[in-house]
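**Q** Okay, here's the structure, questions in a sec.
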Amino acid sequence: MNKANRQAPVQPGERVNQYEILEELGRGGMGVVFKARDTNLDRDVALKCPWPEHLEEPKFLERFLRECKASAGISHPNVVPVLEVFESNGIPWLALGLVDGVSLSANINGPLEVKRLLKYAEDIAKGLDAAHRARILHRDLSPNNVLIDRDGRALLMDFGLARFLLEPSTPDDMTQPMSLTTEGVVMGTLQYMSPEQALGKPLDVRSDIFSFGAVLYEMCTGSPPFSAHERGQILDAVIHHEPAPISRFTYEVPAELEWIVRKCLAKQPEERYQGTQDLLIDLKSLRKQTELGTSTGSGSHVGTQSSLPSFGQTQAPAQPKKSPLIWILPLLAVAAALAFWFLRPQSSPMPTRYTPSAVTSLQGLEGDPAVSPDGSRVAFTASVDGGNKEIFVVSVQGGQAFQLTNHPANDYQPTWFPDGSFIAFTSRRSGNPSIWKIDPQGGDPIQLTDQGEEPSISPDGSTLAFTYPATIPECRVAILPLDKPGTPEILTDDGDGLWYHRQPSWSPDGTKIAYATQANLWSYDLNKRDASQLTKDGVVDAWPVWSPTGDRIYFSTYRENTLAIWSASPENGEVQRLTPGSGPESHPSISKDGSALAYTTEAVNYEIRLHYLPTGTVSTISSPEDDLHPALAPDGSFLVFVSARVAKREAIWRQNLEDGKPVGDPIKLTDSPALASTPDVSADGKWIAYYTIFEGQRDVFVISSDGSTPRQITEHGKDDVQPVWSPDGSTLAFVSDRTGNDQLWLVDMKDGERVSEPRQITDGYPKYAPQWSGDGSTLAFVHETESTVHTINLTTKEIQTLPFEAPVHRVRWDSSSQGFFVCKNWNETNLEVRRLSSSGEELAGGPEISFDNLTQVPSFATTQDSKVIAHGFGVIRGDIWVLKSNEGPF
């Protein structure tokens with residue numbers, strides 16, 4: 001039954017105890033909320049109850065009553081108050097204070113204005129602090145569980161997953177794991193839970209602080225920090241990956257605020273705020289700075305006594321007061337200059353002192369340009385036949401490029417030795433990113449260091465500067481003498497720039513190294529052994545390179561709504577734009593004589609590729625919008641996929657095929673406000689199962705292959721995802737977290753309709769990506785946290801582990817060999833799909849499919865006879881351009 005049509009336990013006009021039901025306020029997977037009138041006290045309240053069927057679930061009533069008890073124990077202006085708990089006709093009810101407002105989620109339609117989000121953040125932190133002082137963890141903090149009232153006040157609600165902490169003997173006990181958390185049980189909203197909560201580990205107040213950081217990140221950017229179509233990918237991101245920089249979404253957020261967010265979102269609890277009090281101090285301090293216009297997002301930084309780092313200039317000494325006219329005249333001049341700059345045509349031509357020309361024009365991406373010292377050649381990175389990356393060299397006049405490296409692992413980020421004798425580059429040929437050198441005429445490369453990336457050679461050729469280690473956020477700028485390889489000397493530390501330090505570049509005299517941080521460029525003085533900030537406006541500036549005279553530093557940056565090449569003065573940080581930003585343009589490199597500056601243009605698009613194995617032909621389905629999640633009809637007659645081709649909303653599309661090639665135009669099948677994901681086609685080709693994402697809820701649907709009315713198959717309050725049809729079309733397997741973590745479930749089907757209640761078939765560790773065997777007796781799946789492959793016999797329930805080494809992302813049964821197609825990391829290089837036997841032995845005749853690191857979803861599908869394989873692929877396109885100076889060196 002669709003949630004929207006589900007019968008509520010009471011209707012407006014009816015009474016529950018002393019409460020008269022006035023109207024329904026909202027409903028979700030777990031229950032329904034009414035506006036009601038307390039006839040005893042003559043006041044309006046919010047009345048909440050669970051759906052009756054949930055009362056039959058084990059421990060549900062216990063969790064519901066726990067919410068009541070937890071919320072009732074907190075009395076604070078930023079927490080929705082609990083007024084009463086009672087039972088009527090066997091249904092538990094919760095009476096809450098009625099808040100005239102909407103959820104924080106409804107307020108987030110993009111990045112919030114800084115003043116407004118800081119107000120919300122401070123309110124939420126105050127409510128969270130009140131809960132922690134009452135010895136309660138929230139455990140499900142998300143934008144949906146925060147209300148914003150008419151006065152703009154934020155209030156915490158829904159303590160349904162709350163747990164009580166032990167009474168502390170000391171203040172430090174607030175960070176001791178609570179005893180009432182069950183290890184191995186994952187509950188909460190996945191995008192906002194901490195890594196330890198996602199792994200089912202014991203929790204303390206620092207877990208809520210991580211969730212707070214996720215909410216704060218979404219207020220800053222308009223998007224959750226960890227988001228993907230599939231739960232396994234979200235879980236992997238929460239545990240292992242850092243969110244995209246806030247500055248990728250907006251440049252209005254002060255650097256101090258991004259620092260607060262990053263500290264909240266630290267993977268290790270000991271690296272976060274250790275309590276909400278310290279967090280509140282920093283939020284209040286930043287709010288005051290913002291009101292005074294002193295945060296780095298709006299001017300120079302004024303030091304505070306909180307734990308906030310100093311990102312900008314210190315406050316200048318007080319100056320004698322000037323008359324108002326003396327202040328007004330400079331302001332008018334600045335206003336006029338700004339008006340001229342911002343109101344001029346954004347497509348203004350490049351200054352005539354430079355002549356631009358494209359030197360490459362291949363189908364894929366040519367990136368990482370490095371101009372030779374004499375300005376005659378450019379070394380660059382390109383993907384060979386859409387596969388792994390290699391180093392090439394081409395004349396600055398263009399023409400045929402010479403392939404310099406040839407290795408199954410990625411080779412990238414070339415840079416020349418000052419005398420032109422070698423090219424240093426980063427490679428994954430030894431597993432981790434490491435730095436090598438090679439003769440520009442070819443030959444065998446020589447390893448310089450076994451860990452690091454982004455090499456830069458000193459002007460005298462004696463020392464290597466590089467990024468070490470090659471991971472964010474730990475990476476720092478390091479140097480290593482080339483004649484004495486060994487342990488690198490790390491130059492920068494935590495106070496030398498926000499978050500990470502990378503992309504080092506030597507000054508012409510060899511005394512300084514410019515580098516990029518999370519925000520702004522910095523420079524390290526090797527004589528003074530000290531770092532200083534170069535650019536000071538909080539914008540993400542990247543890939544710095546010095547001019548031959550040392551009076552300018554060129555870099556790529558996103559300013560004026562475009563990514564272009566700019567330059568800055570190393571003396572005062574003054575910046576000027578160089579290129580028009582029509583590319584976008586990034587990664588500048590300058591010849592030693594200053595006659596040539598190279599840069600790259602690049603853009604990413606996701607498409608679907610079809611491999612017809614009998615002939616080896618490859619076909620492509622693409623559009624200006626991303627095409628993802630392919631699924632093939634078992635007989636290969638058509639393909640369905642997800643695309644946002646219309647209205648930029650992900651829907652299911654169908655493309656007819658013949659021998660693995662597209663025939664005609666694709667047809668849009670679904671039309672709904674909900675986003676569609678991971679379709680799967682039934683054995684007879686009549687039905688397509690998929691799941692939708694709507695208002696944070698994920699449910700399984702089925703639609704006919706001609707696009708008739710979709711039918712909702714699951715309607716539980718938890719997430720149901722990744723549906724797959726059994727070979728006979730009688731059963732759908734899917735993944736659900738309705739018991740606490742992701743498990744495999746089955747539901748019987750007939751003519752596109754559900755004919756049974758879903759039933760759970762696994763428990764224990766989380767699982768995802770189920771796939772049926774050809775005879776329907778067994779399901780293969782991937783261990784969500786360890787990325788190992790397992791099978792479960794549906795009759796005996798016996799689970800076996802398959803001997804596939806290295807992390808696996810997807811697996812498909814291969815009917816032609818009784819083995820598997822497996823997508824995984826081979827030798828820590830790119831993700832590839834290979835054909836394996838059930839014993840893990842590689843078989844001949846496999847597809848040549850490789851996913852680079854920029855491929856968003858390494859998903860693939862096969863036909864029943866294994867003749868056609870479809871997969872998503874991220875295509876990066878871009879060319880190398882060179883600017884030749886007509887009026888002296890850069």
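Heads up, the Cβ atoms here are built off N, Cα and C, so glycines get one too.
According to TrEMBL:
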DOMAIN    19-286  domain 'Protein kinase'
BINDING   LYS48  ATP binding site
REGION    292-316  region 'Disordered'
COMPBIAS  293-307  compositional bias 'Low complexity'
TRANSMEM  325-343  transmembrane segment
REGION    574-593  region 'Disordered'
**Q** Which residues in the same chain, at least 6 apart in sequence, have a Cβ under 8 Å from the Cβ of the residue listed as 'ATP binding site'?
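**A** Once residues fewer than 6 apart are set aside, the residue listed as 'ATP binding site' is near GLY31, VAL32, VAL33, PHE34, TRP93, LEU94, ALA95, LEU96.
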**Q** Which numbers of helix, strand and coil residues does DSSP report for the region 'Disordered' (574-593)?
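**A** Computed counts for the region 'Disordered' (574-593) are 0 helix, 9 strand, 11 coil.
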**Q** Would you report the average pLDDT that the model assigns to the domain 'Protein kinase' (19-286)?
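**A** Result for the domain 'Protein kinase' (19-286): average pLDDT 80.
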**Q** Helix, strand or coil at LYS48 (ATP binding site), per DSSP?
**A** strand
